[in-house]
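Report on one structure; see the data block that follows.
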């Protein structure tokens, strides 16, 4: 393996993995849907509202939105992870570093534990959207706060952002600890499940919103590939090469906040994807962000779909939290890759 | 094809049909014939999934366990309920998992979720009965009624409720007639590492009151972590806890070694009452018996 695989081969390979994960996910689940029934469901789509068999309802209203949400979530996390690692020039960076996950978690915790007593009106008017909106808002506000803290005369300093991020994350962790003391047993378990992530809440309205947010973010991120390649040489060199470093940072932070914020708000915290997908791609394809960005998005989506398929089948009719499986499946594979490509880290 | 028909039966006008079905049910019991309302599968009674230990108990009390196709992880009584397919923790239900059991109805409390999953199940044409848990006798009555409705066993449900209502009235009368001081009772829940004590608006608060005691703690809702000073100032005469909490501590001896309890009047007399968590706090058909027993234990501990 001295020769790095061609860019096209890596993109093609990730896309094939994603399609395979989607296909396996589509035919497996607690509710038995045979291939012929699935074919019936798919062929009847074009003919408007035909038969509404249970298979039809289960596939179109439950399984399919879940698969699409999995694709959006994985793509958003993989892409954002690449942006963060490129921006911080640090292999440990992931979207959680700039406070999105902890901000969202804190807001979700506040909503779960105190929501009913603080704002009795809120759940009634917003219904099941309360948690989603609060989590998205929480992630966004905390990210802006960390971004604001890292500003100095010379512009945004990444070392400051890193430290501010770690500090604010610790603060959010303390807030969650405080909430867990105030929480009842049931609230505590709800919060715990939220922190482990799940695609179980997938409904079309939310899936479409997240899908649009991730698509727009990926589209916007595409223009950052070349600036990030330049930043990899160092911020000063990038500036000499004519890259607007400040603008790149600002955009990367906002794109990450939108994509990961939307994903996290609907699924809870899905760990490891943002960290391992970009590394995985870089180990095989090299550091060019024009390849790493799209390939990480594809690979992240494939990983989330694979993990979720296991999550919803292995204990059926109950299911496992997704975050447990992204770690259980992703980490051993990642460690194998590390051994195999240890010369390239 | 058959499933298709079952679901459409449920999503369409099942309400007026239910009464006919009920009448026919008694007729069928006499061997009088099939049900015209769903002639194709005449002998099939609604398939049920229950999400709450107490609701599962009601299903067994009504003799409808043959219709039970799934329960949640809190359904531990009677022992046979442990062997039913488990749909997971009541707050973390899976839409596809539930539907894979092909239920006609799901009976749950308002503590179940997520809401999105319950909505999806409703959309798929499955009846979802939600019972509000407000820690009152009405909660038990609503559970019996809801299971009776969903299981097409309304006659049996009415009989069961009449019997339970009578039992309840008798227990309350006996407790109301008891003389003497009401004991101050502290409920400790400690299924995990850090013990919690119950304030107002909890099942434990309601149960202590029903059994003729007074909750030693007040002024806050829900559960709080147990601290030594707060316990000393609450000065409970009796500690009430679940069997599971004692097991988690590794026995009664170990439980009393908790420093938080050392300054309470209960500690001096080692006044400890343990009860199965589901029996004590479940608000199921065993509530009258559980309250009666608890009252007797209160009296014995004070004597």
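Each Cβ is built from the backbone N, Cα and C atoms, and glycine gets one as well.
Automated prediction, rather than curation, is the source of TrEMBL annotations.
Record features (TrEMBL):
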TRANSMEM  A:64-84  transmembrane segment
TRANSMEM  A:96-120  transmembrane segment
TRANSMEM  A:126-147  transmembrane segment
TRANSMEM  A:159-184  transmembrane segment
TRANSMEM  A:204-231  transmembrane segment
TRANSMEM  A:252-279  transmembrane segment
TRANSMEM  A:291-310  transmembrane segment
TRANSMEM  A:322-341  transmembrane segment
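Looking at which of A:64-84, A:204-231, A:252-279, A:291-310, A:322-341 has the most CB pairs under 8 Å to the transmembrane segment (A:126-147), the answer is the stretch A:252-279. Between the transmembrane segment (A:204-231) and the transmembrane segment (A:291-310) there are 3 or more Cβ pairs closer than 8 Å, counting only residues 6 or more apart in sequence, so the two stretches are in contact. Highest Cβ pair count under 8 Å relative to the transmembrane segment (A:252-279), across stretches A:64-84, A:96-120, A:291-310, A:322-341: A:64-84. Within its own chain, the transmembrane segment (A:322-341) has Cβ neighbours under 8 Å at 1, 195-199, 267-273, 276, 279-280, 283-284, 303-304, 306-308, 310-311, counting only residues six or more beyond its boundaries.
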